[in-house]
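Notes follow once the structure below has been shown.
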Amino acid sequence: MSNLFITNVKTILTAPGGIDLVVVKIETNEPGLYGLGCATFTQRIYAVQSAIDEYLAPFLIGKDPARIEDIWQSAAVSGYWRNGPVMNNALSGIDMALWDIKGKQAGLPVYELLGGKCRDGIALYVHTDGADEVEVEDSARAKMEEGYQYIRCQMGMYGGAGTDDLRLIANRMVKAKNIQPKRSPRTKAPGIYFDPEAYAKSIPRLFDHLRNKLGFSVELLHDAHERITPINAIHMAKALEPYQLFFLEDPVAPENTEWLKMLRQQSSTPIAMGELFVNVNEWKPLIDNKLIDYIRCHISSIGGITPAKKIAIYSELNGVRTAWHSPGDISPIGVCANMHLDLSSPNFGIQEYTPMNDALREVFPGCPEVDQGYAYVNDKPGLGIDINEALAAKFPCEGGNPTWTMARTPDGTVWRP
């Protein structure tokens, strides 16, 4: 029986990259032995902080950190109701921190505890954007020169709209020049306006241009971000077939996944789905019925490494590959959790990557190394990453509500982001 037990659980809020992050630190009775996890739900940081401080911390103190599965299962049902994104982000941070502790206890990196390496480097895809086809092409060429072989191409932010909400995206995403939205009423409610139909028609033109200019030696991806109707998603997926996308992401909203059956019958474009799911069972019918090719789990929203490894194995048995969600609004600790799973999963597909600025790398020593389109984690015990708490305190969070989620169609109707 282990003599180790949890003595303290704390949350650390910091924004060194301009994006609000939530970090969990679990301390033990062994001096210097602690674990770190990512609990970032950028849009609701204080709700997650409260869930950890007021509920999970008292629940955890005194428990053996080695009992990861038991802690996960008991914490998940301790509130009776099945968890939503707030509680699941809190639980994810706890779970990652426990795996970090277990790796440090064993003197091994987490990927060794998950079965060991299946590959030597982690292939990455990065984001490009532009106001028109030429700007997207130029941006993609720049990424290709950096060595990236997988590139996500957007023309304007999701749906062709632009935004100045820098708290979520690290750089301004311009509005597409050649998408002409329908007129709006005389008065307009606040929000980011876009035209789903005009956007859906523009994307095949974008990829026609890119394939003519860049050829087929680079893998191209696109994220619809649920900003089109299901029938338009089917039209788009079919129209994109000649351009051989690596995958089309989130063509429908989580509420409309039954449309994927019709999409699958009409198109061979590979589909990635699920960054908004918060329960691993939401993927089960999509995997069972072969409706998707890649799982887009946001590991910080589904409960951490423990459920992510299970859904990865289930996907492997059904010919589905992983593509963990990794936008700018997860901490480098969450990035490391993704990558330890990437290294140990035989059905790894691709890893999304958002470049980190110097401030992030200073606050979180041990960030993955990126070279020529591949990522490499270090071989230190645990997740291999730490936090400089004194430096983190110099980057306070802003909190508040984001504006980019307030998407509206031309007549002012609120649309899913």
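Any Cβ shown, glycine's included, is placed from N, Cα and C.
What you see is a predicted model, and the numbers here were worked out from it, not measured in a lab.
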Which one of GLU197, GLU249, GLU255 goes with ASP223, GLU275 at the Mg(2+) site, as Swiss-Prot has it?
GLU249
Pick from ARG67, ARG82, ARG296: which one does Swiss-Prot list with GLN43, HIS127, GLU275, HIS325, ASP329, GLU352 for the same substrate site?
ARG296
In terms of DSSP three-state secondary structure, what is the assignment for TYR158 (active site, proton donor/acceptor)?
helix
Excluding its own, the Cβ atoms lying within 10 Å of the Cβ of ASP223 (Mg(2+) binding site) add up to 20
Given that the record lists GLN43, HIS127, GLU275, ARG296, HIS325, ASP329, GLU352 as binding substrate, what is the largest C-alpha to C-alpha distance among them, in Å?
21
For GLU249 (Mg(2+) binding site), which of these recorded positions sit within 10 Å, Cα to Cα: HIS127, HIS225, ARG296, HIS325, ASP329, GLU352?
HIS225, ARG296
Set of same-chain residues at least 6 away whose C-beta sits under 8 angstroms from TYR158 (active site, proton donor/acceptor)
PHE194, ASP223, ALA224, HIS225, ARG227, ALA407, PRO417
What is the set of residues, excluding ASP223, GLU249, GLU275, whose C-beta falls within 8 angstroms of the centroid of the C-beta atoms at the Mg(2+) site?
ALA224, HIS225, ASP250, ALA272, MET273, ARG296, HIS325
